[in-house]
Amino acid sequence: MHPEFAPVAFLSAASLALPLPWHWRAGNVATLSIIAWLFIMNMIYGINAVIWAGSARITAVVYCDITTKLTIGGNFALPAACLCLCIHLERVASVRAAQTTAADKRRRTIFELAMCWLLPIIFMALHYVVQGHRFDIVEDFGCRPATYYSIPAIFIVWVPPLTMAAASLVYASLAIRHFMHRRLSFAMHLQARSSALTTSRYLRLILMAIVQLVWLVVTTAYTLWFSSMTLNLRPWTTWADVHSNFGRIQTWPAIITPAVILRGACTLWWMVPASTWIFVAFFAFGNDAVEEYKRVLNVVLSGARRALPEGFLSEKKRDLKGFSLPSFVKGSVPLGDSSSSTRKDSLPDKAVLPVNRSVTMTTTTSTVVSSMPPPYSLPPPPPPQKYTSPLDSLDYSADADRISISSSVDTSGYTIEILPETPSTSSSTPPSPSSPQYPRSPSSQGSHVVDDYYYTSSPQDSLPHDIPAPPSLPPPTHMPDEAHISPSHAVPSRPPAFPPYPFARDMRPAASEPMSPRPITYPSMSPTHRDIASVFPGGRR
């Protein structure tokens, strides 16, 4: 008993439907023929395993007449289809034809149909020449074709499949040689030939053909060896002698059949499902097959949705009225409850969520309290400073003190004096007298106020109104040392960015270098430089 025969055969036949859609759209007659013949043989083996499970009774005679001939045809059709496939792949990889025309496709289709279907029919008819009786019935295996084992039978039944397998291996070798010769530009070569093949499809086809051919050679050789071991080579005498008592049906019950014959029959039976699995393994797991599976699944799901009664999904939604969230969400609102609303009083007091940080959400106040630090906020800006003179608007530093201009100051020499810092009434945070950013030195004119550039003025000529200060700027980063500042001449921290001066750079004052040829690019109030500055275009008089 072999209870596994029927399910294995039927599953093998069903697995051929996986790569079928892609090959059907490609219109490859050779691969479609392989699928068709493997499907036929698997169905025959499965039906035989069901009918003759544990028995060898004579039944379904007409069915056996048909299936035995189809089995003979399948032994020829599979190597013929592999030969057609290898011929096509070798022609695609070669450079004998630049492009494939419609006439070439039509001739190829006719040739493949003749090789895959007409030639097996011819050999099915030729098998009648070496058919000694009607058929055999083996227990658990069903009906099998009967062959008069002789020299003509070897050349009719076994030699043609071996010859086609050898020719297929030659064409497959040439195809691989062409591929290796132009493997770097093979994809462009396939595109230039207007072929539907890609490099991956080409490799899968050629590898499948080679593996199938090797397997068919092994199968045919084993069948020939098994027949020679179990049957004696008989001489071909006459037609009448060979076909005498032709309507006889030979039965082989398991109890009287030699064990070697049963083992050989079991081995030959498993070769057909193995050939099917080899073919499916090469094409059922590629990108094309996966895309086809997705498309079929979408079609099935869309059909299932259309088959559902109208309003089925809405009824399911109404059934969720009493459904609540999982247990880790506390205080949740039941779904589908029409009485719930977005008002604060209808929401739960507190909801605990499964997060990494300890977060507590209070819905009544719409605030979130977490362990994270509070967001940074900028401090409020200081109140604007007020100036008593229009010249204060030219001050570079926003933290400069108030300035007043006096008419009693010697404007010809621009005497600059440094006075102690006077607290500003307009600044909210007056600078410290000891601050290093604003160096000061004592002055004889205590009523004078010094700005950031150490120009002095008296409050007599100050304007009666105040001018708001410009936006606050950061304090200067560099100030001169105390040793370089004298009461008679003070050095500004950096030159002002006045429009008349093209650029500003950090240099020593021109007073220290009177013969310097450099243009004066900063306001020099020294009397010795007054006439010198008028000569240079960058100077200021």
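Glycine too: its Cβ is placed from the backbone N, Cα and C atoms.
Going by the topological domain names that Swiss-Prot assigns, Lys69 and Pro379 belong to different sides of the membrane. The transmembrane segment (4-24) shares the most Cβ pairs under 8 Å with 265-285, out of the stretches 70-90, 151-171, 265-285. Against the transmembrane segment (70-90), stretch 110-130 shows more Cβ pairs under 8 Å than any other of 110-130, 151-171, 265-285. Along the topological domain 'Cytoplasmic' (91-109), the predicted structure has mean pLDDT 79. Only residues 6 or more beyond the boundaries of the topological domain 'Extracellular' (227-264), in the same chain, are considered here, and those with a CB under 8 A from a CB of the stretch are 56-58, 61, 130-140, 146-152. Long-range contacts of the topological domain 'Cytoplasmic' (25-33) within the same chain, counting only residues at least 6 positions beyond its ends with a Cβ under 8 Å from a Cβ of the stretch, are 77, 81-82, 84-85, 88, 108-109, 112-113, 116-117, 196, 205.
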